[in-house]
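J.: What follows is a structure written as C-alpha cells; I'll ask about it next.
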C-alpha cells in the first residue's frame, strides 16, 4: 500500500511537470501541433493528473484502515488482510481512479461531478480523522495503563504528546495541502461569479503546487 502511495505521489508530480513542460514548449514555438491534437494531449495529461490525485487520496485512506486493523485486530490481521485481498484492493483503487478521472475530465463542467469529488475528499478526511484519533486514544490508554502499573509511576505525558504531535502533523499536512484545492471546487459550485470567488480562482496554480508539496512530504 505504501509503495502504491509512493507511485501515486510520483505520478502527481510527474504529470503536473509534464503538463507545465508541454505548455511551455507550445508557448515558445518549440512544439507545433494542430489545436485538436493539443486538446487531446491536454485531456490525456489532465486525466493522468486526476487519476494520480484520486489514487493518492485513496491509498492514504487504505493505509489508515490497514493500520487500524493492525492495532485493533492484531491477532487476526493476517487472516483479515490476506495477500489476495491486498492485491484486489490495490487493483480496485487503480481501476476506480482511472474510471473516475475519465468521467471527471469528460464532464468537468458538471456540478454533480464536482460535488462527487468534494464528497470523496470529505469522506477520506473524516475516515482518516476518526481512525487515527481512535488509534491515538488507544495508544494513550496503553501508556496510562503501563505507567500506573509501575512503581513509582512514570509520567506518560511525553509519549502522549509525541503521539499527538505526529497525529497533528499527519492530518494537518493532509488538510493544508488538499484543502485549498477542494475549497476552490466548492466555490466553483456555489459562487462562480462572486468577486471574492473569482479572486480566489486566480490562485489555482498555487493550490496545485500545494498538492505536489503533499506528495513530496
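For all residues, glycine too, the Cβ spot is worked out from N, Cα and C.
Note that the coordinates shown come from a computational prediction; the quantities given were computed from them, not determined experimentally.
Annotations for this protein, taken from TrEMBL, read as follows:
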| type | residues | note |
| --- | --- | --- |
| DOMAIN | 1-217 | domain 'G-protein coupled receptors family 1 profile' |
| TRANSMEM | 20-38 | transmembrane segment |
| TRANSMEM | 44-65 | transmembrane segment |
| TRANSMEM | 86-106 | transmembrane segment |
| TRANSMEM | 112-139 | transmembrane segment |
| TRANSMEM | 160-187 | transmembrane segment |
| TRANSMEM | 193-213 | transmembrane segment |
J.: Which range out of 20-38, 86-106, 193-213 gives the transmembrane segment (44-65) the most CB pairs under 8 Å?
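T.: It is 86-106, which has the most Cβ pairs under 8 Å.
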J.: What average pLDDT does the predicted model assign to the domain 'G-protein coupled receptors family 1 profile' (1-217)?
T.: 83
